Amino acid sequence: MAHRRIILLLAAAAVAATSAVAAASSGFDDSNPIRSVTDHAASALESTVIAALGRTRDALRFARFAVRHGKRYGDAAEVQRRFRIFSESLELVRSTNRRGLPYRLGINRFADMSWEEFQASRLGAAQNCSATLAGNHRMRDAAALPETKDWREDGIVSPVKDQGHCGSCWTFSTTGSLEAAYTQATGKPVSLSEQQLVDCATAYNNFGCSGGLPSQAFEYIKYNGGLDTEEAYPYTGVNGICHYKPENVGVKVLDSVNITLGAEDELKNAVGLVRPVSVAFQVINGFRMYKSGVYTSDHCGTSPMDVNHAVLAVGYGVENGVPYWLIKNSWGADWGDNGYFKMEMGKNMCGIATCASYPIVA
């Protein structure tokens with residue numbers, strides 16, 4: 001009897017280990033679909049989900065996801081719709097991670113959003129970044145270019161922020177670049193107002209929550225006389241009335257520098273020897289589930305009219321033989337690799353060097 005019990009325990013352990021490996025390959029721990037939620041919250045949501053979907057492992061997995069990310073669904077029809085999207089996202093994660101690519105996907109809070117919803121709430125409309133057609137970055141001594149760079153180690157990169165349900169990525173790329181430049185120049189941290197750019201920079205071919213470009217934002221700040229601090233002009237994530245106040249300015253821009261369209265050698269020179277650079281690229285569906293590794297794709301475009309998301313290049317390096325850009329995103333610190341991702345370098349991947357610029361601060 002004791003011998004049989006040991007065999008059963010070993011078998012159970014093997015099953016558990018297999019489940020854990022499968023969960024790891026999907027980027028989503030489903031070994032116990034309801035384990036990490038509170039009893040009260042789990043019970044309430046489980047009842048809602050079971051009523052709409054039936055008592056299945058997948059339904060409980062979905063309930064756990066919803067509780068973890070604070071989801072609220074209006075009725076049974078919405079539960080069913082979100083569950084269907086979630087299931088498609090889970091399959092995308094698993095199938096991608098089985099391909100042996102240099103990056104991995106994982107389930108995150110975007111897993112129950114359709115691609116159309118995600119585009120509308122997180123990405124901007126394509127912009128014709130004509131400023132980079134003829135760049136004005138002066139190449140610095142290539143002999144001084146470090147093999148790897150991470151400006152976070154220099155203490156000038158500000159914390160990751162979250163743009164919320166507003167296509168204002170361009171404002172966060174802009175403030176991230178300015179915050180780094182200001183701290184580099186003064187030794188002092190600063191948090192700058194994205195909302196001022198959303199509300200006030202429309203005359204410079206920017207469109208608030210519908211998109212814009214850092215190069216155009218730098219021009220606005222230069223001629224406006226400055227950008228207010230975050231404290232004085234806090235973020236709301238919706239288009240509003242401009243209420244910029246000169247007395248609350250946190251930084252002024254003397255000029256901006258543009259990287260020649262597609263010139264990754266210029267971009268590397270700037271990131272390695274100057275400071276973090278605002279960049280933009282084309283987000284395609286799978287990218288929103290990025291978890292770790294060096295992202296690469298054969299399906300994204302590289303032209304100015306392809307790019308739809310602005311971010312901040314804060315370094316570069318090599319991982320498992322693949323050169324990469326280290327990039328700060330604006331989807332919160334719980335997204336990706338603590339709010340960051342790596343993008344393959346050397347192919348102008350997804351247009352990463354197509355619309356790149358950085359400011360010179362006063």
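We number each residue from 1, going along the chain as drawn.
Keep in mind that glycine also has a Cβ here, set from the backbone N, Cα and C atoms.
Model, not experiment: these values are computed from the prediction.
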Q. Quick one: Swiss-Prot says Cys300 makes a disulfide with which of Cys350, Cys355?
A. Cys350
**Q.** Cysteine from Cys200, Cys209 that Swiss-Prot links to Cys242 by a disulfide bond
**A.** Cys200
Q | Disulphide pairing with Cys166 per Swiss-Prot - partner from Cys209, Cys355 | A | Cys209
Q. Where does Asn258 (N-linked glycosylation site) sit in the DSSP three-state scheme?
A. strand
Q.
Highest Cβ count within 10 Å among the recorded positions Asn128, Asn258, Asn329: which residue is it?
A. Asn329
Q: Would you identify the secondary structure of Cys200 (disulfide bond) according to DSSP, in three states?
A: helix
**Q.** Mapped DSSP class for His309 (active site), helix or strand or coil
**A.** strand
Q. Among all the protein chains here, how many other CB atoms are within 10 A of the CB of Cys169 (active site)?
A. 25
